[in-house]
Amino acid sequence: MDMKAHYIDGAMHLGCSEEHFTTYNPANGEPLANVKQANQQDMQAAIESAKRGFAIWSAMTATERSRILLKAVALLRERNDELAALEVADTGKPIQEANCVDIATGADVIEYYAGLAPSMHGEQQPLNESQFFYTRREPLGICAGIGAWNYPIQIAMWKSAPALAAGNAMIFKPSEETPLTALKLAEIYSEAGLPDGVFNVIQGDYRVGQMLTAHPDIAKVSFTGESGTGKVVMGDSAATLKQVTMELGGKSPMIIFDDAKLDDAVSAAMVANFYTQGEVCTHGTRVFVHEGIYDEFVVQLKKRTELLVVGDPLDEQTQIGALISKEHESKVLSAIEQAKASKATLLTGGYKVTENGLASGNFVVPTVFIDCEDDMPHVQQEIFGPVMSVLKFSDEDEVIARANNTDYGLAAGVFTQNLSRAHRVIHQIQAGICWINTWGDSPAEMPVGGYKLSGIGRENGVETLTHYTQTKSVLVHLGDFDSPYA
C-alpha cells in the first residue's frame, strides 16, 4: 500500500517520523493509504520552506500572482473528474456531488480571488498643505489552514485562495480522516508556477494542529471544524497573538411558513439535511413548519425521503453516501437511538444500511423525527449525519424566539411568498449565513461565517481579504521638521 506524507518546498516529502496512520474508504472499510504523521522536524522544514516561499511570492506583483492562480484554476477544472473520484474514495460522498460541487466551487473561489488580487489597494488622504498619509495592505506572512473532513479539497482551496492572493504563504493541515486531495492541490499549485514553499501540506492528527497554533512564525490560523476544537485552537493561538478565523458547527433553523411553495420547501429540507449524508455544518437540521401545512409537509417529506438512493458512492445514481468513519457512524446511530427514546415520533429511517453489499461501509438511512420539542437532545446537539428534526410552530414571534434558542448561529433559512415577512424574520435570526426560498448556495462572492459558537471571521467575499492582510499607515511630511527642542 502506498505511503503518503507531506508536501514541502514544492515536492513530496516523506518526513522524519516513523509514525504513520491509515486512511480508509468509508464505503467499504478498505485501506486507501498509509500516511506519515508529522513531527517537529517536519513542521520546522515546512516553516523554513514557507519563509523562503513567502519572500519570493510577496515580492511579486499582484498581477503576476493572479496569473499563476488562474493557471491553477484551469488545471483544477481540467482534472475535475480525477480529483472528484479521489475525494469520493476518501470521504464516502456520492460522485454526483463531488463531480459538480467540490472541485468546481473551490476553483471558483480561487478564480474570484485571482481577480481581486490586482485591485487590492490602500487609501491616501491629505491632512494639510505639507502632510498626507497613505496606507498599504500588506500580507501577514505564513498562514496556517486547518481543514475538516467533509469537504477536504474545497476547504483547502477556500483557505488558500485569499491567503495566496494577498501574498501570504500557507501551511495546510488536512484532517487525518481525509489527507489525500490536499496533496493533489499542492501539486497543481506547483505545476501552475507557484514558488516552492508557498503552499505546503503537513499531515497528522491534533498534535500537528497544536504545533501550528503554537509556532511563533505562524501569523494567522484559519480553522474549520467543531466548536469545542475551535475553542482549543483559539486558546492555543492566543499565546502568540495570532489572528484567528474559524468556521465551526451549527444547528441551523429552517422556517417554513404556511404560504411557502410546499414542493420547494420539502426539497430544501431534504437538501439541508441529507446532502453529503448530513455531514455539512450549515445544514438546517431544525425544520420549523407552520401548523397550517404541517401534516401535508410531513406526508410529502416521508414519501420523498424514502425514495432517496443509498448506495455505492461511485454509482452515479447514488444520492446518499457513507459516513466518514465507523466511529462517526456509531455516534450518529447513538443519537438516533436517543431520539427514539424521546417523545419525538420516528417518521422514517433510523437504522444502519446493511443490504445490497453495504454492510462493510458506514451507511445510515436518511432519518426524520417529527413532533420534536426544542429541548430534546437531538434537536439541540449537532449530530452531523442524515437526521432531520421537524418542529411545529404557530406564529412569527414564537418561531423567531425558538429558532434563536441555540448556542449556534451559523445558518438559517425562511420559506414564504411574503417577501416583507421573509426579510423581517431573517433580520431577527441570529445567524451569519441566511437564505430566503433556497438553501445551501455559497457563491465565491458571498462572505460566509457564523455568529455565537459557530465561528469568528468570514470566508469568501471581499471581506475575507481583511483577514489575510495588515494595514501599514505611512505619514509623509513635505516641509521642514518643526522640532520642539532647540
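Just so it is clear, glycine is given a Cβ too, placed from its N, Cα and C backbone atoms.
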Residue in Cys281, Cys372 which Swiss-Prot records at the NAD(+) site where Gly147, Ala148, Trp149, Lys173, Pro174, Ser175, Glu176, Glu226, Ser227, Gly228, Thr229, Gly249, Glu382 also bind
Cys281
In whole Å, how far is Lys159 (active site, charge relay system) from Cys281 (NAD(+) binding site) when you measure between their Cα atoms?
16
Within its own chain, what residues at least 6 apart in sequence put their Cβ under 8 Å from the Cβ of Gly147 (NAD(+) binding site), listed in sequence order?
Ile155, Ala156, Lys159, Phe172, Lys173, Pro174, Ser175, Thr178, Ala182, Thr224
List every residue in the same chain as Glu459 (active site, charge relay system), at least 6 positions away in sequence, whose Cβ is under 8 Å from its Cβ.
Trp158, Lys159, Pro162, Ser222, Thr245, Glu247, Pro447, Val448, Gly449
If you count CB neighbours within 10 Å, which one among the recorded positions Asp90, Glu176, Glu247 has the smallest count?
Glu176
Using Cα coordinates, what distance in whole Å links Lys452 (K(+) 2 binding site) and Ser227 (NAD(+) binding site)?
10
